[in-house]
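Here is what Swiss-Prot says about this protein:
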BINDING   11, 12, 13, 14, 15, 16, 128, 174  ATP binding site
REGION    31-60  region 'NMP'
BINDING   32, 37, 58, 59, 60, 86, 87, 88, 89, 93, 134, 146  AMP binding site
REGION    127-137  region 'LID'
């Protein structure tokens, strides 16, 4: 089983690349955003718990997010592996994932970060915001706040996975095909 954690700042191309990687490697794509939307829309018990925090403008606790992710993993017992997109975002979540995966006889194979200069990513998101309808892609100040949050909470994961020799940085600038080629080169050599 191959399990890839794909991360990078908003606009780095994670969603676009995840589509290619899940097909090429027959992975189950687990997007935290999609999982949250499913649980909220279907008013699941975990969705109800998350909504209480969200309605108060608070971050959903690690335990709730992790429980949603575990539920989703358990729905795919025959998967060839997972592509985690948007999870883990914090050290607590990374540790929770490392505790859970061995219970299904697995572990994180690699963590791949799509890296790109903030100014290029801001331009990408503002451009995407013209057609995506996402309010958080249309406001440069909000985009920069998201980057600050990434730097504070998610960037420390680099050291965590480097210590396990599971971290790979990939240049996220170029055509979609060029970036896909860089990613597959890393995965093919694991």
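Using the three backbone atoms N, Cα and C, a Cβ is placed for every residue, glycine included.
Features per Swiss-Prot, on structure.
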{"residue": "11", "record": "ATP binding site", "Cβ neighbours (10 Å)": "25"}
{"residue": "12", "record": "ATP binding site", "Cβ neighbours (10 Å)": "24"}
{"residue": "13", "record": "ATP binding site", "Cβ neighbours (10 Å)": "22"}
{"residue": "15", "record": "ATP binding site", "Cβ neighbours (10 Å)": "15"}
{"residue": "32", "record": "AMP binding site", "Cβ neighbours (10 Å)": "19"}
{"residue": "58", "record": "AMP binding site", "Cβ neighbours (10 Å)": "9"}
{"residue": "60", "record": "AMP binding site", "Cβ neighbours (10 Å)": "17"}
{"residue": "87", "record": "AMP binding site", "Cβ neighbours (10 Å)": "24"}
{"residue": "128", "record": "ATP binding site", "Cβ neighbours (10 Å)": "15"}
{"residue": "174", "record": "ATP binding site", "Cβ neighbours (10 Å)": "13"}
Counting across all protein chains present, how many other Cβ atoms fall within 10 Å of the Cβ of residue 14 (ATP binding site)?
22
Check the DSSP secondary structure of residue 15 (ATP binding site), expressed as helix, strand or coil.
helix
Please report how many Å separate the Cα atom of residue 89 (AMP binding site) from that of residue 13 (ATP binding site), as a whole number.
16
What residues, ordered by sequence, lie under 8 A Cβ-to-Cβ from residue 16 (ATP binding site) and sit at least six positions away in the same chain?
176
Considering only the binding-site residues 58, 60, 87, 134, which fall within 10 Å of residue 13 (ATP binding site) when distances are taken between Cα atoms?
none
Of all the binding-site residues here, 89, 134, which one's CB has the most other CB atoms within 10 A?
89
DSSP residue counts for the region 'LID' (127-137), split into helix, strand and coil:
9 helix, 0 strand, 2 coil
Within the region 'NMP' (31-60) only, compute the mean pLDDT.
90
Distance check, please: Cα of residue 12 (ATP binding site) against Cα of residue 60 (AMP binding site), rounded to an integer number of angstrom.
23
